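Mind looking over this structure? Questions follow.
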Amino acid sequence: MAYSFTKMHGLGNDFIVIDGMTSPIDLSSDDVSAMCDRHRGIGADGVIIVRPGQGDGFMDYRNADGSLAQMCGNGVRVTAKFLVDRGYLPPGRDSLRIGTRAGLKEVRFETAGGRLSRATVTMGQPILDPAAIPVHAPVDSDHGGVPYVGALMIPTPWCPATVTCVSMGNPHAVWFVDLESMPDELVRGDRLDSLDLSAIGPYLESHTVFPEKANIEFVTVEPDGLHMRVYERGVGETLACGTGACAVLVAAYLTGRTGPSSAVHLPGGTLHIDYREDGVHMTGPASTVFHGTWE
Ligand SMILES: N[C@H](CCC[C@H](N)C(=O)O)C(=O)O
């Protein structure tokens, strides 16, 4: 069956977006992985089917390997853009609500020339209970009476990984790396972009301590904010990760490395994350690249 699609991205975290608002569309995990193949398919980090449902539309997100994920932060901004730009919202609206497998997300947006340019997503409260993340580890830290997994030491073939575990509806393990103490086979130089994630990324992603696997963030704290790279569950390294940026800010705040608001710099660009009483807020762009047909 042929599908029309729109290729979109949030800071280079790219998606194949299919309109399921007016007709039922069902893709197998094999369909998704074939579409996401960067040599034989369209190429993307994931597929989003936009469906009617909770709020103004439901984001049915799948990772490039065909697996389901509960939440995708860049994907929510892209889904909002898709709905706004295709006229699924009545004129005059500057906000919408998008359903996800991690619940309803409020999105406030700006437009340029009638098209969504930037959006702020209320991502909800971080989940810190190990059983809910999930991670097989005890709470070992406390922030203002709130227990969390702050320093889980995972032995690896290269060096110990000490991670702070946070869920934004999907599991994240945040590692504040000390590049100077890492072996040469992992990092050549003193910059985050010289870290080789190709082996340690999948090793941690699928570690038995994460019963549903995990997205792994590698972070340094710099004068201009947090710098991160991410090895995503079911995808591999991506240029940006919205839920990952939120998890990084929460982990940095809980462990006393930053305040509750920071720029988070990713290889694909910068997101602004604020951790407030009503939850975590993420602000960033969303872009449309081209339209096509998948035969
Ligand atoms: N890129 C997405 C995260 C996808 C998470 C997915 N890889 C998972 O299995 O949780 C984001 O912007 O939040």
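Every residue number used here counts from 1 along the chain in the order it is shown.
Backbone N, Cα and C atoms are what each Cβ position is placed from, and that goes for glycine too.
Positions annotated as active site, proton donor by TrEMBL: C72. What TrEMBL records for C72 is active site. If you look up TrEMBL, you'll see C241 marked as active site, proton acceptor. Marked as substrate binding site by TrEMBL: N13, N63, G73, N74, N170, N215, E232, R233, G242, T243.
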Need one number for the substrate-binding residues N13, N63, G73, N74, N170, N215, E232, R233, G242, T243: the maximum pairwise CA distance in Å, whole number please.
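Site span for substrate, by Cα atoms: 16 Å.
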Please list, in sequence order, every residue of the chain apart from N13, N63, G73, N74, N170, N215, E232, R233, G242, T243 whose Cβ lies within 8 Å of the Cβ centroid of the substrate site.
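In sequence order, the nearby non-listed residues are A69, M71, C72, G75, V230, V235, T238, C241, G244.
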Translate the DSSP assignment of G242 (substrate binding site) into the three-state scheme.
helix
When DSSP is mapped onto helix/strand/coil, what comes out for the residue listed as 'active site, proton donor'?
coil
Same-chain residues six or more away whose CB lies under 8 A from the CB of C241 (active site, proton acceptor)?
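In sequence order, the residues whose Cβ lies under 8 Å from that of C241 (active site, proton acceptor) (at least 6 apart) are N13, G73, N74, N215, E217, V230, E232, L266.
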How many Å separate the Cα atoms of the residue listed as 'active site, proton donor' and G242 (substrate binding site)?
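Cα-Cα distance, the residue listed as 'active site, proton donor' to G242 (substrate binding site): 7 Å.
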Just how many other Cβ atoms lie inside 10 Å of the Cβ on G73 (substrate binding site)?
29
Provide the number of Cβ atoms within 10 Å of the Cβ of N13 (substrate binding site), excluding the reference atom itself.
30
Please report the number of other Cβ atoms within 10 Å of the Cβ of G242 (substrate binding site).
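Counting Cβ neighbours of G242 (substrate binding site) within 10 Å gives 27.
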